[in-house]
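Per TrEMBL, the features are:
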{"type": "DOMAIN", "residues": "B:97-290", "note": "domain 'ABC transmembrane type-1'"}
{"type": "REGION", "residues": "B:1-23", "note": "region 'Disordered'"}
{"type": "TRANSMEM", "residues": "B:35-56", "note": "transmembrane segment"}
{"type": "TRANSMEM", "residues": "B:101-121", "note": "transmembrane segment"}
{"type": "TRANSMEM", "residues": "B:133-153", "note": "transmembrane segment"}
{"type": "TRANSMEM", "residues": "B:165-182", "note": "transmembrane segment"}
{"type": "TRANSMEM", "residues": "B:221-243", "note": "transmembrane segment"}
{"type": "TRANSMEM", "residues": "B:268-290", "note": "transmembrane segment"}
Amino acid sequence: MSSKGAAPPSTAAADPPRRTGRRQQRVAAAVLLTPFTALLVAVFLVPVGYAIYLSLFSEDHEGLGFGGGRTVFTGLRSYLSVLQDPSFLSGFGTIALYCVIFVPLVVISALALGLLLDSGLVRMRRTAQMLVYLPHAVPGIIAAVIWLYLYTPGLSPVIKLFAQADITIDFLGLHTVLPSIVNIALWSGLGYNMIIFYAALQALPREVIEAATIDGAGGIRTALQVKVPIIRGSVVMVCMFSLIGALQLFTEPMLMNQATPMVNSRFTPNMYIYDAAFRRNNYGLASAASIILLIVTCVLSYAVTRWSGRRERRA
Amino acid sequence: MTTTTPTTPVNAPQGPPARPLGKPFGRSKLTSRGIANAVVLIAALYTMLPALWLLLASTKNADALFGSDILSFGDFSFGRNLSDLFSMDGGLYGEWYVNSLLYAVVGALVGSLISVAAGYAFDKYEFRHKEKLFGLVLTGVMVPPTVLALPLYLVASNIGMVNTFWSVFIPVLFNPFGVYLARLLSSGYVPNEVLEASRVDGAGELQTYVRVSLRMLGPGFVTVFLFQLTAIWNNFFLPMVMLSDQHLYPLSLGLYTWNSAATVSPEYYPLVVIGSLLAVVPLIVAFVMLQRYWKSGLTAGSVK
């Protein structure tokens with residue numbers, strides 16, 4: 001073609017500027033990355049390293065503990081005592097049960113709402129989105145406060161309403177307290193996850209949907225067999241963040257802890273860590289529990305991404 | 001190059017395809033429309049009613065909160081509650097509000113600048129151990145902040161930083177998810193050709209970043225900023241671990257302590273309610289104001 005244009009500079013002339021260019025790029029990369037790297041070291045690597053170090057030692061308080069305790073190397077003993085502590089393990093049991101209820105519930109309902117909004121059947125789409133999304137802008141602790149009030153007998157209009165229909169309902173009972181916590185999380189997370197799905201659905205190529213419609217697929221079939229498989233990536237992302245979120249569970253049960261004896265001070269692994277560090281002053285134990293929780297989180301995230309990756313390759 | 005292929009294609013696209021025969025939802029379209037709207041309405045009621053309760057409850061004094069019907073307005077004491085809120089405990093609530101704004105707005109601003117810069121560098125530049133470093137970022141994404149809180153406390157107490165503003169402010173700047181998102185958004189929003197053009201013009205790399213790329217990254221920046229703003233405003237575990245001075249508390253921790261106090265002194269109940277209501281306002285304002293940019297950022301993130 002007639003691509004004459006400006007003659008490219010000869011290599012001899014181009015070499016020095018290109019080299020300085022590359023050096024300049026390396027300098028720019030370093031400058032842009034320095035603040036983040038400093039944070040990475042200061043608030044991630046160093047604390048984790050220090051926690052590992054601390055988890056291998058134990059304070060040995062002799063006598064009345066005056067003059068400070070002696071620090072003794074105890075190896076993996078803290079890890080063993082954490083792993084053998086029934087209250088730590090039951091915390092994980094609580095989380096597992098919470099996940100079994102919460103993850104399918106939030107994924108399915110957010111996906112259903114996202115698909116409905118995407119289907120074009122719904123009126124006032126923007127308003128609906130905004131209303132469902134709104135709780136996400138409510139801080140977790142405040143969401144917990146609101147719902148705790150709605151769960152408290154004597155305060156709750158919900159309980160009063162049920163009472164008028166002769167139904168006694170106890171939101172803070174032995175079997176209801178976990179679903180009550182799930183409800184708070186669902187209330188907060190529903191709209192946010194719905195928006196993620198909706199955004200992904202909106203980004204789908206319209207031709208694909210048209211093709212399915214022309215092929216005679218109905219609305220529901222198109223949704224389930226065409227749309228959902230394409231946005232599988234978003235579904236996996238939501239699952240993963242819900243799982244990680246579940247492992248962090250602290251704020252809501254901590255508040256429940258004030259209101260009902262059904263939630264004890266070691267209800268979740270995070271509460272166990274808080275309890276060990278600040279009520280029992282056992283930093284070795286708390287550090288070991290933190291490291292175990294960290295490992296579980298990483299393994300779980302890795303497993304989810306690997307699993308979804310394999311699914312994707314097979315598909 | 002000189003072949004004489006006809007330049008007018010024979011099979012030119014014939015405009016948009018004809019509308020599909022029949023309606024996509026068949027005869028039941030009316031019913032499915034009804035069901036769809038009903039489901040969305042129920043969801044909206046589910047999310048709105050507790051918020052509405054918060055609004056109504058904030059107009060009630062302590063007695064009415066326990067005694068009267070939530071919908072009755074006989075005891076309208078919103079103004080009283082408001083003035084009580086800001087005068088209780090020597091105006092602590094006002095201090096908490098300022099603290100929260102400082103932690104969240106300044107923290108999210110600085111934090112997202114740091115994250116976007118790093119994400120951009122990961123996207124646009126080649127350097128040694130790049131993918132290894134990015135792997136570390138991804139690990140950071142997976143690690144919940146609450147797991148880091150205790151180790152952070154231990155380090156902070158060692159260097160004497162516990163119970164200071166900085167002990168909460170510095171850790172919240174660390175936002176690996178922001179870096180991950182920024183890398184994704186940078187590859188979507190900033191075409192490499194623009195950088196080439198800028199280089200040909202003789203602009204320095206950092207100059208290009210500040211003057212050209214950062215502007216194109218606008219929606220991405222807003223997305224990262226909003227995520228971080230929400231996260232910091234929500235932050236509870238870290239301040240709870242780090243702070244013992246009530247004057248340094250953010251709203252979340254302050255309201256928690258008042259809520260604990262309310263079990264003994266019920267006069268705190270209305271204050272927790274109205275305090276919670278006011279604590280929600282900044283986030284809603286931020287989201288409504290920045291919704292447009294935030295949405296486009298999210299979409300770009302989810303296509304990948």
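In case you wondered, yes, glycine gets a Cβ from its N, Cα and C as well.
TrEMBL labels come from automatic prediction, so no person has curated them.
Within the chain, the transmembrane segment (B:221-243) has long-range Cβ neighbours (under 8 A, six or more residues past its boundaries) at 100, 103-105, 107-109, 111-113, 115-116, 145-146, 149-150, 152-153, 156, 162-163, 167-168, 171-172, 175, 177-178, 181-182, 185, 214, 249-253, 256, 282-283, 286-287, 290, 293-294, 297-298, 301. Remote same-chain partners of the transmembrane segment (B:165-182), defined as residues 6 or more beyond its termini with a Cβ less than 8 Å from a stretch Cβ, comprise 102-103, 106-107, 110-112, 114-116, 118-120, 122-123, 137-141, 145, 148, 152, 156, 217, 220, 223-224, 227-228, 231-232, 235, 238-239, 242-243, 248, 250, 297, 301. Residues 54-55, 57-58, 60-62, 65, 77-78, 81-82, 84-85, 88, 93, 97, 100-101, 104, 222, 225-226, 229-230, 233, 251-252, 254-255, 258-259, 261-262 of the same chain sit 6 or more residues outside the transmembrane segment (B:268-290) yet have a Cβ under 8 Å from a Cβ within it.
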